[in-house]
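What TrEMBL says about this one:
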type	residues	note
DOMAIN	25-452	domain 'Major facilitator superfamily (MFS) profile'
TRANSMEM	27-44	transmembrane segment
TRANSMEM	79-103	transmembrane segment
TRANSMEM	110-130	transmembrane segment
TRANSMEM	197-218	transmembrane segment
TRANSMEM	262-280	transmembrane segment
TRANSMEM	300-317	transmembrane segment
TRANSMEM	337-356	transmembrane segment
TRANSMEM	362-383	transmembrane segment
TRANSMEM	395-418	transmembrane segment
TRANSMEM	424-445	transmembrane segment
């Protein structure tokens, strides 16, 4: 008979070999995944800088005199700009669940690289399409979202094959942190490129960088450890011991949708993304309106919150697995601790940002608030792998589908509320985000779990050793 893999992840977790740090193949996958997310988020975030130049113009020094060059699209109203910024998410929401199915069926490697490559192509096409009118720019951004939507579900399928149980948090969060480092890079690079070469260069630069990454990923990464020709025997044995079969089960959607722990992750994801997308699409404008920063300086400063978030996410992922492995803390306790501290810390610091009148403190409070989002991401973003590892791609697809709604609604709400770009109008956005953060923390602490769900434990694969 075959011996069944233990069901209780907190009581019986396979011990990793104590051989110190080695750059093994799973770390290569994590590193390349990091740069993949960095690329797609750079291609997502660059428009928030470019659209300021496209509509408001730039100031340039000509023969020692500062001259204002008008924007090419000055007639775009705040509502039109909000529609352009949100159009990405109308495509993004459509391919989350299909992306999960495709990744389980055809492999996470292929679906992930296809999503990045498609996004890069439409990024390169953005300048000529924008010159044809804002409706064509909306189409380009919609297509970018449609193609990028498969990436998160695909990466969860990758980790179901490549992450040992005691490393899944740190590997997944390291890969996801690339999103924030990509945003960090996109802000100042976009501002500098736009200032010196014109706004079209912003899209050409990041589109080509995305295609270059695709080539490296395709050459270096295998779908499963057994297909990797460079993997060591020890690492292959470790990964096969914890492997999950991801494509042989009927997905129990009825039980998934009835699960409170699943909805805890969904709600947390939605609430975190509300604040993140609000800042992603508006931070350069916020810094210009409330701190009087010019575009190039605003682009540099706007990267600081994402740098903080990426660093916190990496630390939180490492420390989460340390607490589980070395300190014996239960998974649910670790997940709730990081998520709740993150949410309520974000709410309090964003409230402080709304009360300050100092540009320096405004930047400081926003940076701290967004940085604490790394704590929440280190919790709910890997919780799918705790609840049902063989359905992790589907759970992330469900979660990210609903968590895309803030990206669609947020820019439109900002366009309706922030008409005159005053402090009072921006504070309405800050207060709304604060309430949503608090709600996310409250619901996660009530419903979250770190245990394998009953509907998932009935479908675990069998280990290879005989009993």
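Glycine is no exception: its Cβ is also placed from the backbone N, Cα and C atoms.
Most Cβ pairs under 8 Å with the transmembrane segment (110-130) belong to 79-103, among the candidate stretches 79-103, 300-317, 337-356, 362-383, 424-445. Sequence-distant neighbours of the transmembrane segment (337-356) (same chain, 6+ residues past either end, Cβ-Cβ under 8 Å): 268, 271-272, 275, 316, 320, 362, 365-366, 368-370, 372-380, 426-427, 430-431, 433-435, 437-438, 440-441, 444-445, 448. When each of 27-44, 79-103, 197-218, 424-445 is checked for Cβ pairs under 8 Å to the transmembrane segment (362-383), 424-445 comes out on top. Using a cut-off of 8 Å between Cβ atoms, the transmembrane segment (79-103) and the transmembrane segment (424-445) share fewer than three residue pairs, counting only pairs 6 or more apart in sequence. The stretch from 27-44, 197-218, 262-280, 300-317 with the most CB pairs below 8 A to the transmembrane segment (395-418) is 262-280.
Panel annotation: around the transmembrane segment (262-280), residues 44-45, 48, 89, 183, 256, 286, 305, 339, 343, 346, 350, 366, 369-370, 373, 376-377, 379-381, 383-384, 387, 395, 398-400, 402-407, 410-411, 414, 429, 433, 436-437, 439-441, 443-444, 446-449, 453 of the same chain, lying at least six beyond its termini, place a Cβ under 8 Å from a Cβ of the stretch.
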